[in-house]
């Protein structure tokens, strides 16, 4: 049986819109992503609401600060029983390690996942704006190696780096792929996109899918279609 899961990105600006959307998924045990837009505008009540519905939470806040601040931020989030929290690999080894330490200290099973390069970033943008001279793939692999050294649970990357990340860090090192689109979907602001089947073939553990599901006329049907392709 596959351990792969589809995570639905709840890219809404209100709890009311979120609840109306989730009501379409009666009898489905979901894994959902709460990002900055939803969390910052609605606060902790959105975590309570989704947990009360029995869904798993990927809290994608991309924490990036000094190690002590990130430690206490993660520690504070442990009381809400979130399943995944993201931190920026660019924060460095100590910051990443302190994020994981906060989970250990609270005796929780929350996964800490590192952000490598955003799927909206092209190689040219990375090289000219971030002043990173390597290839984009090498930058992602370097961040993944750092994440492994820091003892966190995995990373977020595009589909196209996934297999090499697994080869470098082992199959138990989790990889989450955003930027998932079906053939007929608009790629929007994503530059490095792929299909659910691509992600499956590249050995991803999770895919994050937002607009292709949330903007569809039948979100449940589209979710189940994508789930069949990936899981």
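Glycine residues also receive a Cβ, built from the backbone N, Cα and C atoms like all the rest.
If you draw a 10 Å sphere around the CB of residue 62 (active site, proton donor), it holds 18 other CB atoms from the protein chains shown. Residue 62 (active site, proton donor) carries a strand DSSP state (E or B). Feature annotation from Swiss-Prot assigns active site, proton donor to 62; the stated evidence is sequence analysis.
Taking Cβ-Cβ distances under 8 Å and a sequence gap of 6 or more within the same chain, the neighbours of residue 64 (substrate binding site) are 70, 87, 88, 90, 91, 95. If you look up Swiss-Prot, you'll see 11, 33, 60-69, 119, 181, 190, 210-211 marked as substrate binding site.
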Message: What does the structure give for the C-alpha distance between residue 119 (substrate binding site) and residue 62 (active site, proton donor)? Integer Å is fine.
response: 14
